[in-house]
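Per Swiss-Prot, these features apply:
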SIGNAL    1-19  signal peptide
DOMAIN    20-82  domain 'LCN-type CS-alpha/beta'
DISULFID  31-81  disulfide bond
DISULFID  35-56  disulfide bond
DISULFID  42-63  disulfide bond
DISULFID  46-65  disulfide bond
């Protein structure tokens with residue numbers, strides 16, 4: 001039984017089950033999903049995108065998501081927003 005559990009854990013490491021943290025990406029505009037103080041909408045949007053927990057990061061006015069796949073997150077390197085909303 002211990003060997004089976006060990007093999008399962010090793011397979012997760014080899015497969016690369018990885019979740020990241022970051023700002024949610026609006027795939028239509030390429031921008032971050034904006035918010036003001038609405039943690040509930042950010043949390044639901046984060047969970048819809050397979051994240052664990054989301055909240056409105058007030059200083060950046062954008063939804064921050066913890067535990068989401070990288071494909072659902074905005075990245076500075078691939079930023080295509082150019083100020084569009």
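Just so you know, glycine gets a Cβ as well, placed from its N, Cα and C.
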Cβ neighbour count (10 Å, all chains) around residue 63 (disulfide bond) is 29
As a whole number of Å, the Cα atom of residue 65 (disulfide bond) is distant from the Cα atom of residue 56 (disulfide bond) by 9
The disulfide-bonded residues listed are 46, 56, 63; by CA-CA distance, the one closest to residue 81 (disulfide bond) is 63
Keeping only the disulfide-bonded residues of 31, 42, 63 whose C-alpha lies within 10 A of that of residue 56 (disulfide bond) yields 42, 63
CA pair residue 42 (disulfide bond) / residue 35 (disulfide bond), Å rounded to integer, equals 8
For residue 35 (disulfide bond), the nonlocal same-chain Cβ neighbours (under 8 Å, six or more residues apart) come out as 41, 42, 56, 61, 62, 63
Residue 31 (disulfide bond) and residue 46 (disulfide bond), compared by Cα position, are separated in whole Å by 15
If you tally other C-beta atoms within 10 angstroms for each of the disulfide-bonded residues 31, 46, 56, 65, 81, the top scorer is 65
